[in-house]
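Taking it in order: structure first as structure tokens, then the write-up.
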């Protein structure tokens, strides 16, 4: 009885962790794995945007999120 309860708990917990991992893959891990593709997409999306026109006064100017230090 106790083994079945532990197995059920482990399966539920494992399923939850799998669902969280599946949700985070396209949000976080895919852009890290396909860096050039996302850099090109952002260049297209940001074409024609002047940072000074959209940046609120007093805030740091946004930069390339893929730029590494």
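Quick reminder: no glycine exception, Cβ is built from N, Cα and C everywhere.
Note that the structure is predicted; figures quoted are calculated from it, not measured.
Feature list (source: Swiss-Prot):
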- 1-8: topological domain 'Mitochondrial matrix' (TOPO_DOM)
- 9-29: transmembrane segment (TRANSMEM)
- 30-69: topological domain 'Mitochondrial intermembrane' (TOPO_DOM)
- 66: phenylalanine amide (MOD_RES)
Within the topological domain 'Mitochondrial intermembrane' (30-69), count helix residues (DSSP H, G, I), strand residues (E, B) and coil residues, in that order.
19 helix, 0 strand, 21 coil
What is the pLDDT of the topological domain 'Mitochondrial matrix' (1-8) when averaged and given as a whole number?
87
Please count the residues of the topological domain 'Mitochondrial matrix' (1-8) that DSSP assigns to helix (H, G, I), strand (E, B) and coil.
7 helix, 0 strand, 1 coil
